[in-house]
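Report on the following structure.
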Amino acid sequence: MSMLITGIGELVTNDGTVDGAVDDPLHAGLGVIRDAAVVLSGGGEDSAPTVEWVGPADQAPAADWSISLEGRAVVPGFVDSHSHLVFDGDRSAEFAARMSGTPYDGGGITVTVEATRAADRPRLRELLQQRVSEMRSQGTTTVEVKSGYGLTVEDEVKALRLAREVTPEVTFLGAHVVPPEARGSAADRAAYLDLVVGEMLTACAPHARWIDVFCEPASPHAFDGEESRRVLEAGRDAGLELRVHGNQLGHGPGVQLAVELGAASVDHCTYLTDEDVEALAGSGTVATLLPGVEFSTRQPYPDARRLLDAGVQVAIATDCNPGTCYSSSMPLMIALAVREMGMTPAEALRAATVTAAKALRRTDIGRIAVGQRADLALVDAPSWLHIPYRVGVPVVRALEV
Ligand code: NIG
Ligand code: FE
């Protein structure tokens, strides 16, 4: 079965090779076609529909079905490459305390760990599914989901299996923090790290694609450079691909380690030296910025302009989690990237789609081009620019095909 979607006022393809794209600085890199159509085909039990044709509406081929979007815009579905959606518990009071000046130090993670351990599987599944559908309703069609609020072998496996029900982009984050029961002594901390790279990794690796570590010497419960290296190397040896939480709360070794080990992405990147920026620029590692975190912790925003001007690949994601940013909204991240991080609207949209796909090493999403997955988001407005322009207004949602 094929479906023709016509009447697209503006189609963002992210395809630099597309014929007849709008050619001006406002649309740079977006491959925008006006008065466009797409044809989608396939889709069944095991395979997602794909894009079969893209172009001007007046040249569209016939299809089995056809709908008109009556001048609305279409963009590639957002790729949220960083989230922590498997959790229970409430930390709204911690947010309120931060708004009156209490700094974030990662300590509140244990509140979520306790609540998540206490929750049964159906409850966690329901919460997870609600969060994923909240994301879809705001235009997100791919999400990465981490464990990291279980921190026992059994609880981490439980989180990863649930995450696998909603996405293939599943990340083992046993090295989120040292859990409360292992904070009594240096020996207890070392034993926890041994567990993470040993029995926990063995049990978790079959359920995950990625391994991540909270590399943050500024937090007493997160991991330093050597500990992080150990986690990442063990994960790589177990067949997992690498991503890193780094340089969130202060300068540190996260970025250099991520680049050295060939991680797909290093996320946060709030505190960077010139050497960090240089290392990223010459690497295949994406810098994923999470501006909702700075919004919700009152930290300074990362300097996206500095990174882009140096030639670094920059993605943006929500980091949706109960502590540093309980927002599932990619449109909000785009608006913050534009308003607070010096990105142009076109740079922010690419960061939320095609570069975020790169942060997940995915080549089948993030663009609207022949052969790509048919992951489209519908903008209830004549231009994609309304995504940051109409901040806080639900103008974009995943298109159900
Ligand atoms: O990405 N930085 C570490 N982990 C999360 C926050 C987790 C939490 O506070 O619950 C983050 O910001
Ligand atoms: Fe995170």
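Yeah, the Cβs are placed from backbone N, Cα and C, and that goes for glycine too.
So that you can see what the record holds, here are the features copied from TrEMBL:
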- H82, H84, H245, D319: Fe(3+) binding site (BINDING)
- H82, H84, H245, D319: Zn(2+) binding site (BINDING)
- R91, Y149, H176, Q248, T324: 4-imidazolone-5-propanoate binding site (BINDING)
- Y149, N321, G323: N-formimidoyl-L-glutamate binding site (BINDING)
- 74-381: domain 'Amidohydrolase-related' (DOMAIN)
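Look at H245 (Fe(3+) binding site): DSSP puts it in a strand. Within 10 Å of the C-beta atom of Y149 (4-imidazolone-5-propanoate binding site) sit 31 other C-beta atoms, taking all shown protein chains into account. Note: the N-formimidoyl-L-glutamate site is recorded as Y149, N321, G323; in the same chain, H84, F87, R91, G108, I109, T112, G148, P322, T324 also have Cβ atoms within 8 Å of that site's Cβ centroid. Proximity to ligand 1 (Cβ under 6 Å from any of its atoms) holds for none of the binding-site residues H82, R91, Y149. Contact annotation for binding-site residues (R91, Y149, H176, Q248, G323, T324) versus ligand 2: none, no CB falling under 6 Å from a ligand atom.
When the binding-site residues H84, Y149, H176, H245 are ranked by how far their Cα is from the Cα of N321 (N-formimidoyl-L-glutamate binding site), H84 comes first. Of the listed binding-site residues, namely R91, H176, H245, the sparsest CB environment within 10 A is found at R91.
You'll find the Cα of D319 (Fe(3+) binding site) roughly 12 Å from the Cα of Q248 (4-imidazolone-5-propanoate binding site). Excluding the listed site residues H82, H84, H245, D319, the same chain places S83, K146, D212, D267, H268, L290, A317, C320, N321, T324 with Cβ atoms within 8 Å of the centre of the Fe(3+) site Cβ atoms. R91 (4-imidazolone-5-propanoate binding site) has G323 as its nearest neighbour among the binding-site residues H82, H84, H245, G323, going by CA to CA distance.
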